[in-house]
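A.B. asks: Mind looking over this structure? Questions follow.
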Amino acid sequence: MDEVEQFLRGLELDNRRAAVLTAVACGVGALVLLARKVAGHREAKDKIRRARDRRTESLQRAEQAVLRYKEMHPTTDSAAILSLSLSELTKQLREGVLSPEDVFYSYVEKTLAVHKKLNCCTGILLESFDQLKTINSSKDGLLYGVPVSIKENIGYKNQDSSCGIVINLGLPDTRDSVLVEVLKLQGAIPFVKTNIPQALLSYDCSNPIYGQTRNPCNLQKTSGGSSGGEGALIGGGGSLLGLGSDIGGSIRIPASFCGICGFKPTTGRLSSNGVKPIYRGQKSVFSSAGPMAKDVESLALCMQALLCDHMFSLDPTVPPIPFNVQIYHSSKPLRIGYIEDDGYMQPTPSMARAIREIKNLLEQAGHTLVPYRPPRIGYVANELLVKGILADGGTTLLQKLEGSPLDPSIRDQVISLSLPTWMKKTLLFLIKPLVSHKILSFLYLLFRSVKKLWEQHAAAEDYTKEVIEDWRRCNIEVMLCPVVGPAYSLFYCGKVSGTLTYAMLYNLLNFPAGVVPVSMVTAEDEEELKHYKGIYQDHMDKLFKEAVTGGEGLPVAVQCVALPWRDELCLRLMKEVEKLVKQSGELTCKLQI
């Protein structure tokens with residue numbers, strides 16, 4: 001009996017020792033995890049500081065270079081140069097009336113001034129000063145001597161393409177993207193990279209590295225995203241021509257918010273080599289790089305310059321289809337469908353008014369206008385758009401954001417992505433009565449099998465065929481439709497997702513689409529907005545109303561769309577709209593910079 005008691009006491013002692021050892025191990029493990037987390041935060045802060053220092057240094061060196069040039073060339077008329085359209089500028093550069101140096105330094109100076117007000121640049125490309133010295137070797141290029149701005153995620157040798165996330169900092173590109181190579185071969189001078197939202201998947205333009213970009217027409221409003229730095233810089237006059245990218249309106253929404261023109265080509269028409277997405281492999285909703293500028297003619301000239309033998313040689317996956325000038329310059333009357341309301345998100349009064357006014361102008365010009373509404377738009381919004389982009393449940397995005405501070409513009413989405421599935425289902429059940437829109441972060445982030453993903457791809461293909469057949473049934477050549485606007489107040493973009501149907505739909509369909517500013521928000525629009533209820537009259541509609549309130553004087557745009565590979569026809573409609581607006585009395589926003 002004594003032996004048994006002694007044995008049990010030994011067991012009890014061993015258990016206590018095991019418990020103590022376990023507790024110590026857990027404590028050590030927790031300390032290790034905490035130390036790693038602290039080290040990760042410290043590393044992130046160091047990366048951000050170095051990135052900001054690089055930006056500051058590039059801006060300061062550019063400013064010094066501008067001052068030296070102005071001292072040596074005091075008669076340079078920068079104001080006159082900045083007032084020229086792209087076609088006028090290229091003509092004077094070709095004829096030798098203007099020197100590339102005068103043009104370059106005029107735009108660098110203006111960019112620095114605009115950036116101080118709007119925080120729209122991630123850095124001046126100091127290599128452009130060296131390119132300027134050898135620019136005469138590219139005199140035959142269509143963009144000879146033209147300074148061009150590029151979105152931060154477009155590859156430029158020895159520069160970061162961070163997409164606004166810390167993990168990508170300190171990993172500079174080893175070569176230029178194909179787009180940048182072709183621009184240089186055509187005589188253009190890429191000279192500045194512009195700001196983006198964190199992870200690119202936002203209509204805002206803010207990230208923890210470079211901060212918030214503001215709207216040139218109202219500093220209390222966002223410039224839009226994700227090509228928001230481009231929209232702000234071009235809208236503020238610091239750039240004549242820029243390149244952005246678009247996966248859900250990322251070119252068109254900043255263009256609409258900032259009062260400029262933007263064009264999303266058919267995906268595959270321009271090279272994507274060296275244009276960094278937030279993650280690769282997503283094949284449901286198509287991304288495309290494209291031009292942004294003050295006018296449609298500049299967009300067309302940029303497309304013509306890019307669609308050349310240089311691009312087709314550098315990237316054999318791009319179909320060798322040169323720009324069709326004949327289609328672009330055609331004056332044949334068009335049969336145009338028009339959407340005033342897609343049936344999912346009620347447009348603002350200014351959005352709807354813009355469509356009505358442009359419809360009337362097009363009819364007076366001899367075109368035929370046909371009312372149209374996209375089929376099954378609620379189904380598309382809830383089952384094909386966001387579910388396509390985040391088909392992995394957001395796993396890849398979360399991995400990319402590890403160790404990075406979160407920007408307010410995406411914090412809510414990231415938090416919902418991080419929740420366990422059971423909690424998402426519970427919150428979905430609780431929130432459903434408040435939001436009739438079914439685009440709920442908790443719904444579209446449930447686990448998806450490969451089989452389900454393939455079914456989603458097939459459904460997207462079927463819907464594209466359905467829309468094309470619908471266009472043909474209506475005998476529609478091109479489409480006029482709203483684009484999101486006016487510009488949102490700061491910090492609302494992450495809360496309002498219902499309006500994505502007006503932009504992301506054409507990424508899903510892979511239809512070329514472009515935006516043209518046509519008007520301004522009037523006092524009457526603001527008064528009518530007070531009575532805005534929305535289609536569902538839910539929390540999403542209420543937030544949308546709050547986001548666009550206070551927009552008097554802001555630009556209002558319309559969107560033009562064509563079938564795949566009919567990019568020139570889309571630009572042709574955009575040019576027609578722009579011409580008719582100018583003839584009827586051009587309206588532009590007043591800059592606050």
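Any Cβ shown, glycine's included, is placed from N, Cα and C.
The domain 'Amidase' feature in TrEMBL is assigned to 106-571. Marked as active site, charge relay system by TrEMBL: Lys151, Ser226. Under the heading substrate binding site, TrEMBL lists Leu200, Ser226, Ile247, Gly248, Gly249, Ser250. Under the heading active site, acyl-ester intermediate, TrEMBL lists Ser250.
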A.B. asks: How long is the line from the C-alpha of Lys151 (active site, charge relay system) to the C-alpha of Ser226 (substrate binding site), rounded to the nearest angstrom?
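C.D. replies: The separation of the Cα atoms works out to 9 Å.
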A.B. asks: Hey, what's the Cβ neighbour count for Lys151 (active site, charge relay system) at 10 Å?
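C.D. replies: Within a 10 Å radius of the Cβ of Lys151 (active site, charge relay system) lie 29 other Cβ atoms.
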A.B. asks: Select one residue from Leu200, Ile247: among these binding-site residues, choose the one with the most other Cβ atoms within 10 Å of its Cβ.
C.D. replies: Leu200
A.B. asks: Around the substrate site recorded as Leu200, Ser226, Ile247, Gly248, Gly249, Ser250, what other same-chain residues have a C-beta within 8 angstroms of the site's C-beta center?
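C.D. replies: Near the substrate site, the remaining chain residues are Leu201, Ser202, Tyr203, Gly225, Ser227, Ser245, Asp246, Ile251, Ile253, Ser287.
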A.B. asks: At its widest, how many Å does the recorded substrate site span between Cα atoms of Leu200, Ser226, Ile247, Gly248, Gly249, Ser250?
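C.D. replies: Largest Cα to Cα distance for the substrate-binding set is 11 Å.
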A.B. asks: Specify the count of other C-beta atoms within 10 Å of the C-beta of Gly249 (substrate binding site).
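C.D. replies: Gly249 (substrate binding site) is surrounded by 30 other Cβ atoms within 10 Å.
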A.B. asks: Under a criterion of Cβ-Cβ distance under 8 Å and sequence separation of at least 6, what residues of the same chain contact Ser226 (substrate binding site)?
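C.D. replies: Ser226 (substrate binding site) has long-range Cβ partners Lys151, Ile196, Pro197, Leu200, Leu201, Ser202, Tyr203, Cys205, Gly244, Ser245, Ile247, Ser250, Pro254.
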A.B. asks: Output, ordered by sequence, the same-chain residues six or more apart from Gly248 (substrate binding site) with a CB under 8 Å from its CB, or 'none'.
C.D. replies: Leu201, Val285, Leu385, Ile389, Leu500, Ala503, Met504, Asn507
A.B. asks: What count of other C-beta atoms do you get within 10 angstroms of the C-beta of Ser250 (substrate binding site), across all chains shown?
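C.D. replies: I get 34 for this one.
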